[in-house]
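Peer 1: What TrEMBL records for A:4-288 is domain 'Protein kinase'. The annotation ATP binding site is assigned in TrEMBL to A:10, A:11, A:12, A:13, A:14, A:15, A:16, A:17, A:18, A:33, A:34. Taken from TrEMBL, the feature active site, proton acceptor covers A:130. Feature annotation from TrEMBL assigns region 'Disordered' to A:330-352. Look at TrEMBL and you will find A:330-344 tagged as compositional bias 'Low complexity'.
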């Protein structure tokens, strides 16, 4: 608490309020999430929230430039506070900002950073389980980072059952909707596929209003799951038969997309979770190696409402850096070039 | 690089014998000093570092007993035991009641191992108030540096046994190997290692391999 200067609230997370603050030690701007206790009447206080424990547990071990960094944790009275690096805007704001035109290179850049973050999670045996545009945060430098690991969990232990009630409904994989009790990293890939589509469409791809409606939307977009395209689907606990429906060809929906983009998204949105592409495979997909190069993060579009503020902050950082550089140069030159400058003065008259 | 080498367990919780000893003696001395400053008459009641260790070991075994009584998976009790051990590297038994610390560590391990345990049911079984358990949670988390993921030797053991079962032709064995029994007996050995300081010294896979090899004779391997 004493290590930070608080500068006001910036938002409300799933289980706590988030404040902006500056670290007294080095002036770094941070976001501090204070975990609040949710007390339900008639239920005893059972201590620190389960989601908070999950987030602490996982982010302490996961360090990657496409995952939001947990810088510090401290307790104040009986509250636990998580200190994160400061993030500036999220992908949902970008998608909803009509003044922004997303170029194919921009989308490729977001997808690359998103998949790198996911790959880091999956190679650490962590499922995010709640990927959606407003959980994908952007740093001042335009780096995309995964946030909100409150629903994340480790997988891979034998005979572990999961609750199928994870992931916001629009981005929820069909195996979860059918009540699968054991699932894997492919649930995150489905969400990535939906986000990919949303970046191209600029509106949610499968905006279901209920679990049934979500399945209906999936079927009308991608066809009907059956034992041929998804072996074992009929055995899932909540399996429902939907009327046979032909899929809408991706090419028809994403008219501007390249063949590689279409191929990648179709592999992310496969019904059969076992056949769905992995994050590591996706990063090696021709989509990333052919055609336009991904936009540099710093050149990615900024939501209009925050643009001037962000550019100002960037300028400040640049200025500070320049000053630091100048300081470094002058201190080093004072130490070493003292001799040179006197030499020069002595040499010059001789040349004349 | 393996995940373990990047883990907080490897970075923050691997020590030499001397470091462990020093850390425990420091806790003991500091608390001793504090108590004697306040109440000099308590001198005869002060515990030595060895006595503290004995108490900690006693409550570690109690953690396993309660965990079994509550039908919790072995991972929960194993994690709770490591939490207790780590906690008392930073704190003295004279400062924090080991019984309550044990109960809170067990409750916390349930949370971190994704094994929901209802607080009312739990406090009913252990006959302790919920407030006593909850109030220690933050203190424990701080002492643990909020490092909550514990790598246990169980998973490595499982992998080694799978490897052996894939390569049984390597061993000139007239009788088939009973893998279930090999797993069970090796697992019991690992559970015993939890009460020692081994987890502070060695990679979990090494502990698993050691437990397995101790068992080899019995299985003609």
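The backbone N, Cα and C atoms fix where each Cβ goes, and this holds for glycine too.
These figures come from a predicted structure and were not determined experimentally.
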Peer 1: Are there any residues in the same chain, six or more apart in sequence, whose C-beta is under 8 angstroms from the C-beta of residue A:34 (ATP binding site), and if so which?
Peer 2: A:16, A:17, A:18, A:19, A:79, A:80, A:81
Peer 1: State the count of C-beta atoms found within 10 angstroms of the C-beta of the residue listed as 'active site, proton acceptor', not counting that atom itself.
Peer 2: 22
Peer 1: Looking only at A:10, A:18, which of these binding-site residues has the biggest number of Cβ atoms within 10 Å around its Cβ?
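Peer 2: Counting Cβ neighbours within 10 Å, the top one is A:18.
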Peer 1: Let me know the most crowded of the binding-site residues, choosing from A:12, A:16 and counting other Cβ atoms within 10 Å.
Peer 2: A:16
Peer 1: How would DSSP class residue A:130 (active site, proton acceptor) in three states?
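Peer 2: DSSP assigns residue A:130 (active site, proton acceptor) to coil.
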Peer 1: Could you tell me which three-state DSSP class residue A:16 (ATP binding site) falls into?
Peer 2: strand
Peer 1: What does DSSP call residue A:34 (ATP binding site) in the simple three-state scheme?
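Peer 2: Once the DSSP labels are grouped into three classes, residue A:34 (ATP binding site) ends up as strand.
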Peer 1: What kind of secondary structure is residue A:10 (ATP binding site) part of, going by DSSP in three states?
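Peer 2: For residue A:10 (ATP binding site) - judged by DSSP and reduced to three states - the answer is strand.
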